């Protein structure tokens, strides 16, 4: 179980994987120094998740792209994985015993899987439904924390078992960090080969599924019988998930239901158009097996940036490496997308998507590093830093709606007559005479800023939720 406890050092929290970041010398250990910009980046990512989840319905341009493309929401998962990678590079350096490091990694992985299944497996129905429990025939096996657990486990194991090479002195040339961490990039190349071979080499046959209608159960057929397709109905990512996980254990409300082919209200949700393709009614797992294998690449890139932070001691040297690599990744992904070689697609976690989102993560972190750790403008980002230091708590309570669900449990006369709905309606929506603007401001002030303040209070008390 995760635990909430006081910590007199007042410096120990992050997103689903909690580790302590530190500046570490090659020759001898130094007193750990917190990298404030990484906390700010983590807090920013959690805040973005809350924003796109709770305001995306009214502002679909910030929600997930229905299929190809990359909206604001599509940067959240890669940012998380990038941060996890940086945290791995910084935290595991501080554990001298390989067996102890392995024990910590395995235990943290199990905790992530537990919370992932509990929060996204279907057991929790917060914040709108005042019920809980899940039919095991329909439990969702995959999710955000499960994907993070897989990426964390794989990359952390490589970090632990290649520790002998990491102890060597680092040459001063720019490519030395790549050479020193050869095994990480070999793992990345292996992941890429496996993923590309699977999505372009797997034969996808016709498939069937059933849906409930007013006339009872109806069986629908999706015609495929092909390879190398990256469209919604016939891609190998969905095929592998259907065969391994089963349709009943996949996400029933995929973003593709907002596609133009499915609804006239696109990019908003709405009733399906007459004659909509059969696949519009089917489930699809956005955190599935093949896409999660590809997602390991985002964590490998993040761990590389952490290695740069460890080995490069000057700000200019670090920034030169980070910014150069960030632009290289970003431009590579854009070229792959606009030349129609490999489209940007979060649902499939394509190579172009890895490049664009990892490049964006690199540049955003570099900008925060300049402002927070170099220029000392830390006070401007304190709410985000506090969220980043208690990110698991905010993720569970706000992003997963557990706190709002608890508040909704106290209603008057009608389950919809709750404090949450009253605040939304009377303080935000009615004041601005706009549901869209009201909901956006509610999310920013009553959720993100609120949890920033709560996290700040907990930080002053030395209380953090640790995995």
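Backbone N, Cα and C define each Cβ position, glycine as well.
Since we're looking at a predicted model, the values are computed, not measured.
In TrEMBL, the annotation transmembrane segment applies to 182-203, one of the ranges 182-203, 204-225. In TrEMBL, the feature transmembrane segment is placed on 35-52, out of the ranges 35-52, 53-70.
If you look at the transmembrane segment (72-93), the same-chain residues 6 or more away from its ends with a CB under 8 A from one of its CBs are 14-17, 19-22, 24, 35, 38, 41-42, 44-45, 48-49, 51-53, 56, 61-65, 101, 105, 144, 147-148, 151-152, 155-156, 159-160, 163, 166, 287, 295, 298-307, 309-310, 346, 353-354, 357-358, 360-362, 364-365. As a quick check, the transmembrane segment (439-465) and the transmembrane segment (144-161) miss the bar of 3 or more Cβ pairs under 8 A, pairs 6 or more apart, so the two do not touch. Here the transmembrane segment (348-372) has long-range neighbours at 36-38, 40-41, 44, 70, 74-75, 78-79, 82-83, 86, 192, 195-196, 199, 230, 235, 237, 290-292, 294-295, 297-298, 301-302, 305, 315, 318-319, 322-323, 325-334, 336-337, 341-342, 378, 380-381, 385, meaning same-chain residues at least 6 beyond its ends whose C-beta is under 8 angstroms from one of its own.
Among the listed stretches 105-124, 144-161, 182-203, 393-412, the one sharing the most Cβ pairs under 8 Å with the transmembrane segment (35-52) is 393-412. Same-chain neighbours of the transmembrane segment (144-161): 15-17, 77, 80-81, 84-85, 88-89, 92, 98, 101-102, 105-106, 108-109, 112-113, 115-117, 119-120, 183-184, 187, 287, 292-293, 295-296, 298-300, 303, counting only residues six or more beyond its ends whose CB sits under 8 Å from a CB of the stretch.
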